[in-house]
Amino acid sequence: MVASQLYTLVWIPDPDEVWKSAEIIKDYKEGDKSLQLKLEDETLYEFDLQGNELPFLRNPDILVGENDLTALSYLHEPAVLHNLKVRFLESNHIYTYCGIVLVAINPYEQLPIYEQDVIYAYSGQNMGDMDPHIFAVAEEAYKQMARDEKNQSIIVSGESGAGKTVSAKYAMRFFATVGGSASETNIEAKVLASSPIMEAIGNAKTTRNDNSSRFGKYIQIGFDKRYHIIGANMRTYLLEKSRVVFQAEDERNYHIFYQLCASASLPEFKDLGLTCAEDFFYTSQGGGTSIDGVDDADDFEKTRHAFTLLGVKESHQMAIFRIIAAILHLGNLEIQSERDGDACSVSSEDEHLNHFCSLLGVEQGQMQHWLCHRKLVTTAETYVKSMSVQQVVNARNALAKHIYAQLFGWIVQHINKALHTTVKQHSFIGVLDIYGFETFEVNSFEQFCINYANEKLQQQFNSHVFKLEQEEYMKEGIPWTLIDFYDNQPCIDLIEAKLGILDLLDEECKVPKGTDQNWAQKLYDRHGGSQHFQKPRMSNISFIVLHFADKVEYQCEGFLEKNRDTVYEEQINILKASKYQMVADLFQDEKDAASATSLGKGTSKINVRSARPVIKAANKEHKKTVGHQFRNSLHLLMETLNATTPHYVRCIKPNDEKLPFKFDAKRAVQQLRACGVLETIRISAAGFPSRWTYHDFFNRYRVLMKKRDLSKNDKKQICQTLLEDLIKDPDKFQFGRTKIFFRAGQVAYLEKLRADKFRAATIMIQKTVRGWLQRIKYQRLRRAAIVIQRYTRGHLARRLAEHLRRTRAAITLQKQYRMLRIHRAFQRVRKATITIQAFARGMFVRRIYRQVLAEHKATILQKYARGWLARTRFRRIRGATIVLQCYYRRRKARQQLKALKIEARSAQHLKKLNIGMENKVVQLQRKIDEQNKEYKLLNEQLSTLTSAHSSEVEKLKKELEQYQQSQQGDGNQLVSLREEMEHLRLELEKAHGERKVVEDSYVKEKDLLRKVRRISDLEEENALLKQEKEELNSRILCQSEGKKKAEENIQMKKELEEERSRYQNLIKEYSRLEQRYDNLRDEMTIIKQAPGHRRNPSNQSSLESDSNYPSISTSEIGDTEDVMQQVEEAGMDKAAMDMSLFLKLQKRVRELEQERKKLQTQLEKKEQESKKVIKTETEMASDHEDFAYNSLKRQELESENKKLKNELNELRKAIADRATQNNSSHDVQDSYNLLLNQLKSANEELEVRKEEVLILRSQIMKAAQQKEPGKNMVNERIMGFLLLFPIPSKRKTEDWGYLNEDGELGLAYQGLKQVARLLEAQLQDQRREHEEEVEALQNQVDAMKEELEKQQQAFLQTLQLSPEAQVEFGLQQEITRLTNENLVRDFVLVLFIFKPSASSVFQDLKELLEKLEKNEKKLKKQLKIYMKKVQDFEGDLERRHHERNRQVAVQRKEKDFQGMLEYYKEDEPLLIRNLITDLKPQAVSATVPCLPAYILYMCIRHADYINDDQKVHSLLTSTINGIKKVLKRHNDDFEMTSFWLANTCRLLHCLKQYSGDGWNNKTRCLNLLPQGFMTQNTPKQNEHCLKNFDLTEYRQVLSHLSIQIYQQLIKVAEGILQPMIVSGVLEYESIQGLSGVKPMGYRNRSSSMEDGDNSYSLEAIVRQLNTFHTTMCEHGLDPEIIQQVFKQLFYMINAVALNNLLLRKDVCSWSTGMQLRFNISQLEEWLRGKNLQQSGAPQTLEPLIQAAQLLQLKKKTSEDAEAICSLCTALTTQQIVKILNLYTPVNEFEERVTVAFIRDIQTHLQERNDPPQLLLDFKHMFPVLFPFNPSSITMDTIHIPASLNLEFLNKV
């Protein structure tokens, strides 16, 4: 097949990018020496063909970015590198599968893919179902361990900085989350806590990694039979001890040294003598002592916390830190040279030496001596020799390394002790975090050991991969030939075989004067001819080993020293003699250490040994070398790995600069070669790398099949026929049992054929469409041309006609124009002639006019001149006449004045003048007197009113003070009265001011009348303006308040939802803990077989029944009887009896609390009634006597409390003695401590009750000291106050209006009168309540009479029974009577305190009570005796009992059914069993829904009717416990859970609906019962209400139970639905043929199976939802609850589907979006069909809908980005970006989402404040609401079917 026919893209080598893509531009012919290529930058390139080797072919673009590298059609190095690069840089995917290997690339950035919800998303999923992840590998290991019951291993490898430690940490975190411990040991937290400790003591900063692990570790996580974590064990390998004393440039020592120096300022570390890290030699050689972004002090706190969590004592922690500090001081010793360098010494005053010796507890003189000397032992004698400076430095460094290594081993050993468990280990999963292949410029002994370990691991990896390939071929029945794969056994033999490198190294170490050069020469001589060994050309102290990954040159210098690991015996002996025990223990001999550690080993399948035995320093000749130890530990590791199923994780470091998401191709290829990934690819490519199931192959390539082949039913035969037609070479594929196997390149060939088929079909479609479009265009043009022609011809005709019309019109215009021109010339001449004539005639006329006018003006001038002359002469004559007259008249007047003056001097004239003046003066005096009298009268009236008002105010003040002293509870009324008085006082002062104003206005009334009127008018206008202003302000305030109230309502709703959610989560947590407690109790029962140590479950049950549910006034005797009966039936020992006694006392304390509350309410009522009851002094005397009796009763109560306290103390002592006797049992000790704590709390509660009794006593004394006048004074003065101001008459109203124009005084009086009426109304209400209580007491008396009549009837019936039945019936009647009398005793005690006048009656009752108690004790003894006799006649009695019931039923048949059911106490277990425990929902399917709830309520109503509180308490408690038991037994049955949820809710509704009017009236003031429960009842239903008991507390318990059942219902439904969601919503093809399956690799999806295998359709989900809906509706569940159920289920569907979508690349495509949107529309249609669209369920699907739309939208331009951002509002930014990164084209015609477009999306979404969480919490549960839903059914209409076997219930 010619290359140009199929492919044009190839890979060519490149020195910079390793591989470069190119396109063939010229056909290749066989024999050509070169290829003509075009690179991506459009440059031409000629590729020389060397040895006829063609370049690697490139995979189609559709295969690029696959999750599994084996899915690539062409498997080679450039394809692998390019696929990893595309996934890492473009999609930001760091994980990729390569067959069985997970390739992990370090992103150098924190990614949000490791949260808790991601762990839950991968838990339970198949490995190929989700995108590659470390959690997927961990889940696969966990699943295989559980399925195959075989131990697993996860091998994490890679070079430094690749992320091995982090990957191992996440794997362990997954196991800790999924396989959490079943006990309270919290072992998973301890496993995770070991990581910070090991990182502190074993990790360091290197040039390649800031947190590089300098040791290897293998952690075994143990699991029990239920696959819960029970323990762990850690093995370590090859700690890099040389780092303790030496660090290269820009590197650091182990983190713990820097953490300790950073925390040296802490008080507890002052004695360590530490300073900053720069001051110590061992921590400052690398230069930098800090790491960017790392806080050593904070990390040190985490390390200490981890030590504490693992149980390391504080003293041991301080010892560890002392040893680490001593190592630092050891490195700072100053060594002084002596005798020309042959000897040296250390000063005794050296500060660091002093600190070193004091911290380790050794003698300073000895350590100072032996640091500079050594001992030489010969056969004859022993010598002490001085050492040179270099030898001392080497010895010091060796000692420091040895101390740190021993400390490291000790810490690992104690971590293993903390993680150890005594429980038998069933299986384990090991996590191996080991160094990868390393090669540096200078490679030493550590790199040699590391590469040796990687050779062993690579050999195991190769064999395992080859084994899996072989098993796959054999499983599918494929004939296979031996695949040639690289076997590195020769290289391993070179290292570890006899006389290998390690053997020669150990041999050279035994030679006294062995050197590295001698050892290198031996290597050259021995292995010079080996193919894996080479000698460098330019060196004689190094050698080269050809490893599987690369050639490595090792420098021989230092090999012998590091292999010997020599430490002088004298220094070790000094450390053994340390005064600190821990320091001495570190240097124990190997045998002692082994014997000490062997004691802590548990039983497991694999014997766990220490990977590096503790070095024995006493005998250097027989000590094992480091190489030998490492080889042994490595063999042990390989044995463990070979015994497990391995899983491989290969970590890749993308660049050396530690930059986020930067990919260096050279470094990546180097690591891929070294870690074996390319070897896996090569092995896979040598066989059949591409594998397809027949189902997936058929769906993908059905377009290549013929129509006649598609009609066949056998898909396998269809696929075989297709391949035989398409691929002629039969060696290119093989048919297996379930899969088709292809050689490399065949899938690409099929993809090309498929693309060609699609391309041909596309061309055909395009051709047809384009032809159709052209025909449509031609027809449209032809029609347009015809139209244009028609319009053109019409236009031309119209234009001709227009021309003719215009010609005719022009002629007419010319004619008319000429006529008009001549006419105008004539007119112009005519007008000129007329004008001339007019002007001429005018000239003559004007001339005549001017002449006439001049004559007229002359006449006028003459007239005016003559007149002026005449007037001048007249004025001169008149003036002279007037002067003469004036002179004459003056003279006459003077004469007359003289005569008048003479006449005025006479008396008669004066008399005539005074006659009128006297009358006027008298009139004015009378008017003034009248006004003065009226003014005085008004002043007197005002003063009298003022004095009367002030006196009455003083009286009211005194009355209020007395009322305040007598009535402390009426504080609110007193405050209101005071406010009214203050208001009246202010009004009075205001009246005085107004009176002064009136007086002033009276004086100025006449003068200012007009001004007053004007002012009044202005005031009215001002008042109107103010009123308008106030109205506007009120409107504005109303609007603002409305908005505020709306906002507050919204905020309150949100807070209510959050509070309800938290509350229901607490209930859920409580039920979970309760379930966990039951499981633990069952386990303890199984484990503890000895009867002395077995916990009795009856204790727990009694505790639950007493503490979880409230009691209804149960008596002490009744409780004791019940507890004693339980003790006798269960056969409990003395301890159990003590516990029951304590529970009885605890219940009695609760009863006292209830009694105290009742007494408090009664006290308040009696204080109010005391105003009207006591009136005479004789009664006051009796009050004093009763008060003395009350004090006596109070003393008796105190003595009773002291007695109870003494009994508690004696009980505590007895239990303590019992606990000391049974000291060997831990359970007894624990129970003893628990009981003591409970007794202490009970004692404290009794003290509180005592204080409350004292307070009650003081209140009684105050009530008794009140006198009758004081009690009636308030009423009298209030009535006087009411009569203080009579109703004013019209006259007084007028006067008041005169005094106070505004009427404020009158308004004050009216307000005071209303207050008085309010007080009177309150007094009447109190009187009415007293009368109602008297009536209630009368009803009780009547009820007692009726009870007496019933007892007489029962006595008559008893006489007709047999003697045995009479005994039994008599005992039952006596017990019932005693119970009722106990209730009466409690009621009498209350009346005793508040009814002092009945002292003699109560004394008699007290004596009667004592007699009854004695009689009760006797009856108990008799009851025990008679019970044995009754058991003998049980069968006969039962038969007679039923006969008697039938007889009674026959007698009462004629009466009406009252809606009550009667049963006997001994029938209660039978009732619970038949109605709850053994009831099947099908048994009541044909009856009224929730029938058991109605029956239970009718039984409760009868117990309420007969006032039997014990029966009510017992029935409700048994009902709740029975429902819990049923739900626990059927915890996975949806029908049963739904049935009891409906019945529990209905019982809760019944208790609310029939709560009763009596309790409603009593508790109305306390707000204990909502008033809306009985508003919808019919009169008949109101007759069925409860009469005696308030079951509010039980309603709360039932509400809690309903929430628990609802949560269990959701859990069961989710468990059924969850496996269907992914395959039914995401993978199911509702639209057939829309999506095609892409090529898959080694990891197949769970859905890629045969039809029907583990796959569900959308119809299955809809059917299941229909089943849920039908079941809940049939059981009568409230519609509101059904809506909430489906809202929760649809949220779970949305969350699971969206989370799966966000973690799967194969479903993020356009076709999947189309399928998903169609599937969601089907679910929405189902909701509309069931009328559930108002439930909120459609809104929960909004994120999934937007995700489907996002997959379908166009993703190219910036406008598309804006559209996506505006549409996807329910998705977070991370979810949108994740979907775009995962978007994968299924066909070649689709386009990938570019990185630039994703960046544009992120830019648009920057303003969003989305949470950082990627996945939805599918376990989130909405808070549930149980709205009140009353029933319209009456109790008397309910029929009980005979199938329920409830014949023992009698209708009342």
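Even glycines carry a Cβ here, placed using N, Cα and C.
Annotations in TrEMBL come from automatic prediction, not curation.
So that you can see what the record holds, here are the features copied from TrEMBL:
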type     : residues                                       : note
DOMAIN   : 5-55                                           : domain 'Myosin N-terminal SH3-like'
DOMAIN   : 64-755                                         : domain 'Myosin motor'
BINDING  : G158, E159, S160, G161, A162, G163, K164, T165 : ATP binding site
REGION   : 634-656                                        : region 'Actin-binding'
COMPBIAS : 1097-1117                                      : compositional bias 'Polar residues'
COILED   : 1142-1259                                      : coiled coil
COILED   : 1309-1354                                      : coiled coil
COILED   : 1398-1429                                      : coiled coil
Using a 10 Å cut-off, grab the number of neighbouring Cβ atoms around the Cβ of T165 (ATP binding site), all chains included. 23
For the ATP site (G158, E159, S160, G161, A162, G163, K164, T165), what does the 8 A shell look like? I mean other same-chain residues with CB within 8 A of the CB centroid. N106, N209, S212, S213, G436, C651, K653
Just to confirm my parser: what is the rounded mean pLDDT across the domain 'Myosin N-terminal SH3-like' (5-55)? 80
What same-chain residues, at least 6 away in sequence, bring their CB to under 8 Å of the CB of S160 (ATP binding site)? T206, R208, N209, S212, S213, Y435, G436, E438, K653
Within the domain 'Myosin N-terminal SH3-like' (5-55), count helix residues (DSSP H, G, I), strand residues (E, B) and coil residues, in that order. 2 helix, 24 strand, 25 coil
Restricting to the same chain and to sequence separations of six or more, state which residues have a Cβ under 8 Å from that of G158 (ATP binding site). A104, K164, G436, R650, C651, I652, K653, Q671, C675
Its residues classified by DSSP, the region 'Actin-binding' (634-656) shows 9 helix, 8 strand, 6 coil
Would you identify which of the binding-site residues G161, G163 has the most other C-beta atoms lying within 10 angstroms of its C-beta? G163
Take the Cβ of E159 (ATP binding site) and count every other Cβ within 10 Å, whichever protein chain it belongs to. 24
